[in-house]
Amino acid sequence: MTQAPRKIAFIGAGNMTQSIVGGMVSNGYPGHAIHVSNPSAAKLEQLQARWQVQTSHDNAEVANVAEVIVLAVKPQLMAEVCQDLQARVPHLQDKTIVTIAAGIRLEKYADYLGDSARVVRVMPNTPSLVGQGMSGLLANAHVSSADRDFITSIFQQVGDTMWLTDEDQLDIFTAIAGSGPAYFFEFMAGLQQAAVTLGFDAAEARRMVEQTALGAATMAIDSELELSELRQQVTSKGGSTAKAIEVYQQSQLEQISAEAVLAAVRRNQEMAKLF
Ligand SMILES: NC(=O)c1ccc[n+]([C@@H]2O[C@H](COP(=O)([O-])OP(=O)(O)OC[C@H]3O[C@@H](n4cnc5c(N)ncnc54)[C@H](OP(=O)(O)O)[C@@H]3O)[C@@H](O)[C@H]2O)c1
């Protein structure tokens, strides 16, 4: 006999919930096992119509029926949302809480939900919205390995997942994968501008850059070679690529990346103190 699907509740029906729920149902997870709550109606109606999920305006109602609760509200609302669940959901300690809010450390959820709460912190990034995310996951000591596997399977619906060992690692992960799309967009915009300066129109320049970025990322994913080796393979000695790489190296691109990531890590550490 096949096991019944685990009931999962999403608190907040914003962009991230829409992507994850869409990924889950389109990959076979039954909509009727997914419960979503949100204050306003339009997003719930859309989710209900598209994926046949169950919806409510009451967070406690959806949390009550679920074994796993995904908190997908803005960080500044998290304390209030958790305290309301803590007050109105019996047996909350027996449920697994997944939070995707940036900047709030696991220990804070012990304040919000009690010391024995089972909490997993997940840091998805924006490409999760198009199914190409990179999510970092961190669990507290109360989370079982079966729950870890289930939560991995949820976030695999919107990209790749990586389990981390502590908050320090999560701060670094956030500086690379969370902020990373912005670094790539910045670099891509620079290349687009260079092509425009040399006579291409903006749309043509963008197409060249986008497809080249996608191609390079796909080659990196498909290859066992180190990234530096892949770079060398497209850099013949004395050729034009070598000239461009020489300019990047003179400008110490690697050093600049190290400094940029460190600045983001420090900022993540500072922001964690705000909650
Ligand atoms: N988007 C990303 O790429 C990304 C990446 C990493 C982490 N995150 C984190 O993921 C969380 C959700 O992000 P998002 O992009 O999905 O945000 P979003 O689109 O703004 O969605 C937040 C949702 O929460 C709802 N909400 C507000 N108050 C609520 C309450 N008291 N109870 C239940 N729901 C409530 C809002 O409803 P109304 O619109 O009706 O007010 C809205 O639908 C945030 O903490 C964010 O930091 C997002």
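These residue numbers are counts, starting from 1, taken along the chain as shown.
Even glycines carry a Cβ here, placed using N, Cα and C.
Across the domain 'Pyrroline-5-carboxylate reductase catalytic N-terminal' (7-103), DSSP helix (H, G, I), strand (E, B) and coil residues number 49 helix, 19 strand, 29 coil. The domain 'Pyrroline-5-carboxylate reductase catalytic N-terminal' feature in TrEMBL is assigned to 7-103.
The annotation NADP(+) binding site is assigned in TrEMBL to ILE11, GLY12, ALA13, GLY14, ASN15, MET16, ALA72, VAL73, LYS74, PRO75.
Cβ contacts within 10 Å of ASN59 (NADPH binding site), excluding its own Cβ and spanning all protein chains shown: 24. The feature NADPH binding site is assigned by TrEMBL to ASN59.
The annotation domain 'Pyrroline-5-carboxylate reductase dimerisation' is assigned in TrEMBL to 167-271.
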Distance [Cα-Cα, Å, rounded] between ALA13 (NADP(+) binding site) and ASN59 (NADPH binding site): 11
Cβ neighbour count within 10 Å of ALA13 (NADP(+) binding site): 26
Helix, strand and coil totals (DSSP H, G, I; E, B; other) for the domain 'Pyrroline-5-carboxylate reductase dimerisation' (167-271): 88 helix, 0 strand, 17 coil
Length of the line joining the Cα atoms of ASN15 (NADP(+) binding site) and ASN59 (NADPH binding site), in Å: 17
